[in-house]
Every structure is written in structure tokens, then in C-alpha cells.
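Notes for the one structure printed next.
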Amino acid sequence: MNNLNHLAIIMDGNGRWAKKRNFLRQKGHEVGANVVEQICEFCTDQDIKILSLYAFSTENWKRPKREVEFLMDLLKKFLISKRENFIKNGIKFTTIGDISVFSNELKDEINLLKSLTHDNTKLKLNLAINYGAKDEILRAFKRVSELKLELNEQNLQNCLDESECIDLLVRTGGEQRLSNFMLWQASYAELAFSDTLWPDFTKDELAKIVENFKYKNRRFGGL
Ligand code: IPE
Ligand code: IPE
Ligand code: MG
């Protein structure tokens, strides 16, 4: 049976969920953000150690200004509202992606939550914000060079925002693509695609996907 150490999820379908109900896209993001808590709960129950969630890509800046602003505001509210929950449940909050571009106010909230949860060991939650795999790999190359390390696979991997490879990568919302998410870490990930739009995603559906993952024959190029 396969061990699930690192689960990654591309949380897609918020806009379509809202559109179907004649709501503004923003409503989909709001409802979608509330799903995260039960997914974290599932991970801690199942003893999954790393959860990487794709929340905002380096390409999502192309969206209308009002949607981007709403998402930044929602992120700030999320960081504040989850504080107690993360502390109580042993969740270590961290981010992947280049956060240097965010407002000082947002960076302060991010750093506060990181420091408050720094010593937690039950689950590491990587929130991918202003995240793009190409950007991450490029920054890793720069870091290898700054540190004057030999350029090899292990050193480059260690300089990524997250160096643990993904075991299972789930994408909701019906599209079957990676959209620049964790390309390096997903090199041998099992992939699962769900048509469910992210705000409707539940831990019961995730449980079924995980159950299916456990019995996959992962060969890693061997026999
Ligand atoms: C995912 O949902 C959340 C973000 C990318 C911020 P979308 O906003 O992409 O929703 P759809 O794909 O348009 O339905
Ligand atoms: C990927 O979804 C990014 C996140 C889920 C944050 P997108 O909705 O941006 O991806 P594309 O544009 O459909 O590939
Ligand atoms: Mg989308």
C-alpha cells in the first residue's frame, strides 16, 4: 500500500460554481476558501504530512483588477480567521511562491501566521500564492548560484520552495492540466482529476481519491 506523505491540490472551479448560481465569481472564492479547513482536517486525521494548495498563480494577475483585489482581501481574512484553528490542530502554515510582491500589510499577516505556527508538526500546509513552477525553478537556480553550490539535481531540489516530491496531485473543476503548478515536485506524482467544482469538494470525495491512490502500482521507472 502506498504511503501518502505529500498531497497537492489545484483548487479550481470557484468562478464556474458561482456563475452556475448567478452569483459574482467572488462568491465562489469565498465559499471555496471555507473548504480548506475540512481538507486540513482530513489530512491530519490521515497522518498526511504535507498539503500543498494552489491558491493564486503567477498568471492569475491577468484577471480583472476587482477580482485580484478581492482575492488579496480574502487571503488576508483567511490568514486571520484560521489562526486559532491552525494553532489548535498542530498545522504549520507556510507559503510557496514569491511573496515579495504583496503589500506590507498582507506580508505582515503571512509572516505572523508563519511564526505563530512555526513549531507545529502535525501537518505542514503550503499555500501557493503568487506561485508559478517556472518562477520557483528559476529562483532555485539563482539560489544555487548565490550559495556557490554545485549544480546538480539534489542541490537544485533543495533550493526549491518545497523540496519534498508530491505523491498525489488532485485537480478539481474538470480541467486536466497542471497550469504551472509544482512541475518539478510532480515528476512522479499520481494524478487525479475531479469534475467537482472546488466549493463543492468534500473530504468524502477526497477520501475516495486517496483510497484509490493507495493501491496504484508506482514503479518510478523500475519494474
Ligand atoms: C480557482 O478557481 C481559484 C483561483 C484561480 C484563484 P477559478 O477562479 O479559476 O474558477 P474557474 O476555473 O474560473 O471556475
Ligand atoms: C490554476 O487555476 C490556479 C489556481 C487554482 C490557483 P486557473 O484557473 O488559473 O488555471 P487555468 O487558467 O484554467 O489553466
Ligand atoms: Mg480556473
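From the backbone N, Cα and C atoms, a Cβ is placed for every residue, glycine too.
Note: TrEMBL annotation is automatic and uncurated.
For Asp12, Glu190, the entry in TrEMBL reads Mg(2+) binding site. All chains included, 22 other C-beta atoms sit within 10 angstroms of the C-beta of Asp12 (Mg(2+) binding site).
Secondary structure from DSSP puts Asp12 (Mg(2+) binding site) in coil. Sequence annotations record features per position, and here TrEMBL assigns active site to Asp12.
Annotation source TrEMBL lists substrate binding site at 13-17, Arg25, His29, 57-59, Trp61, Arg63, Arg171, 177-179. Using a 10 Å Cβ-Cβ cutoff, Gly13 (substrate binding site) registers 24 neighbours.
Taken from TrEMBL, the feature active site, proton acceptor covers Asn60. The 10 Å shell around the Cβ of Asn60 (active site, proton acceptor) contains 17 further Cβ atoms across the protein chains shown. In the three-state DSSP classification, Asn60 (active site, proton acceptor) falls within a helix.
Taken residue by residue with DSSP, Trp17 (substrate binding site) is part of a helix. If you take the CA of Arg171 (substrate binding site) and look 10 A around it, the recorded positions you hit from Asp12, Asn60, Glu190 are Asp12. Its Cβ placed at the centre, Glu190 (Mg(2+) binding site) has 18 other Cβ atoms within 10 Å. Neighbour counts of Cβ atoms within 10 Å were compared across the binding-site residues Trp17, Trp61; the minimum falls on Trp61. Of the recorded residues, Gly13 (substrate binding site) and Glu190 (Mg(2+) binding site) place their C-alpha atoms 21 Å from one another. Proximity to ligand 2 at the level of Cβ atoms, with a cut-off under 6 angstroms, picks out Asp12 from the binding-site residues Asp12, Gly15, Trp17, His29, Thr58, Leu178.
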